[in-house]
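**Student:** So Swiss-Prot lists these for the protein:
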BINDING   Cys275, Cys333, Cys336  [4Fe-4S] cluster binding site
Amino acid sequence: MLADVDYAMAHDGTSILAVNAFKEMEMERVWDPSRIVIPFDHIAPANTETSATLQKEIREWVREQSIPNFYEIGEGICHQVLPENGFALPGKLLVGADSHSCTYGAFGAFATGVGATDMAEIFATGKLWFKVPESFRMTVEGSLDKHVYAKDLTLYLIGKTGIAGATYKAVEFYGQAISELSVAGRMTLCNMAIEMGAKTGIVPPDEKTFDFLKNRAVAPYEPVYSDPDASYLKEFVYDAGDIEPQVACPHQVDNVKPVGEVEGTHVDQVFIGTCTNGRLEDLEVAASVLKGKKVTVRTIIIPASRSTLLAAIKNGTMEILLKAGVTLATPGCGPCLGAHQGVLGEGEVCVSTANRNFKGRMGKDGFIYLASPATAAASALTGEITDPRKI
């Protein structure tokens with residue numbers, strides 16, 4: 001079907017490709033400047049002259065097109081910036097030139113990622129062709145135990161489903177454990193839907209959603225829900241009580257194990273941040289583990305946005321983290337994509353709160369273990385992978 005896109009996003013890593021394709025189409029003006037969002041987050045600030053020049057070209061194009069929703073370096077990661085600024089709305093179609101654009105499904109939007117050429121088509125017409133995906137229903141009954149977080153739940157589901165188990169499916173999340181997740185936790189969950197192959201991940205909007213969007217939504221919205229008698233290609237039911245702290249081991253996101261099975265693994269670096277776990281709630285969890293203590297390995301913390309950083313400063317979270325010996329970097333993607341601000345050396349091991357641990361992701365010969373902020377912080381204290389329940 002040919003669908004009308006409500007909001008389109010491309011960041012500094014993909015917008016230049018989309019802009020070049022747009023120009024090759026000999027288009028002069030975008031379909032609607034107010035519906036395009038351009039954040040600089042992937043290599044921000046620029047790490048080379050080449051990156052700086054490409055960013056300069058994007059800024060010039062943004063000015064030429066009179067695009068008002070441009071977010072400079074330091075404003076934050078695209079998948080945090082869009083929700084904070086009210087673009088992620090229930091019932092809307094959001095498309096981003098980034099695979100983790102499915103994050104916005106946490107607000108009841110249909111959100112997905114596309115390539116730069118498809119984004120150029122959206123820039124030009126505001127439309128894009130989609131194959132309507134079949135749906136999976138995942139229900140998580142009961143409540144998560146103390147010290148078990150949204151990231152643990154997410155990794156557990158990916159481990160059960162596999163990296164291709166939900167390929168091109170719309171995965172809908174239900175159950176008490178899902179309802180009890182904060183908005184930030186739901187963003188973590190939907191952010192990683194792509195890691196099981198999903199086209200999108202969706203949490204039905206509720207009062208938590210609407211409260212978050214008060215005084216924030218950029219437009220009126222109408223929530224959309226599945227019919228009570230909707231049929232699904234597959235349905236899965238899990239018990240939240242079965243979930244303990246999880247770790248995704250190198251070099252696949254679905255290589256998931258309970259933390260106890262990898263406890264004691266040597267760690268060279270800990271990274272807490274990214275579009276998966278760089279929100280205020282995540283920093284607060286890390287601070288609760290590190291308060292009054294000192295990290296024993298280099299620990300990099302990168303808030304997901306400037307607003308997140310300011311909030312963490314205001315409520316004392318950042319002071320706790322800095323006193324614990326962490327390194328603070330500019331809000332953005334940081335070393336997640338292996339470009340700057342903490343890439344790994346040969347054979348080094350990192351516990352990261354990111355969403356991918358592929359070989360070469362943070363350095364060609366590094367090893368990445370994905371975990372929650374609590375597990376990451378606990379590991380920063382001991383210098384080895386550690387169960388946060390023991391701290």
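In case you wondered, yes, glycine gets a Cβ from its N, Cα and C as well.
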**Student:** Setting Cys275, Cys333, Cys336 aside, what same-chain residues sit with their Cβ within 8 Å of the center of the Cβ atoms that define the [4Fe-4S] cluster site, listed in sequence order?
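**Tutor:** Once Cys275, Cys333, Cys336 are set aside, the remaining close residues are Asp41, His42, Ile77, His100, Gly273, Thr274, Thr276, Gly278, Gly332, Gly334, Leu337, Ala354, Asn355.
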**Student:** I want to verify one value. Collapsing DSSP to three states, which class is Cys333 ([4Fe-4S] cluster binding site)?
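**Tutor:** In three-state terms, Cys333 ([4Fe-4S] cluster binding site) counts as coil.
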**Student:** Indicate the candidate from Cys333, Cys336 with the smallest number of other Cβ atoms within 10 Å of its Cβ, considering only these binding-site residues.
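**Tutor:** Among the binding-site residues Cys333, Cys336, the sparsest Cβ neighbourhood within 10 Å belongs to Cys336.
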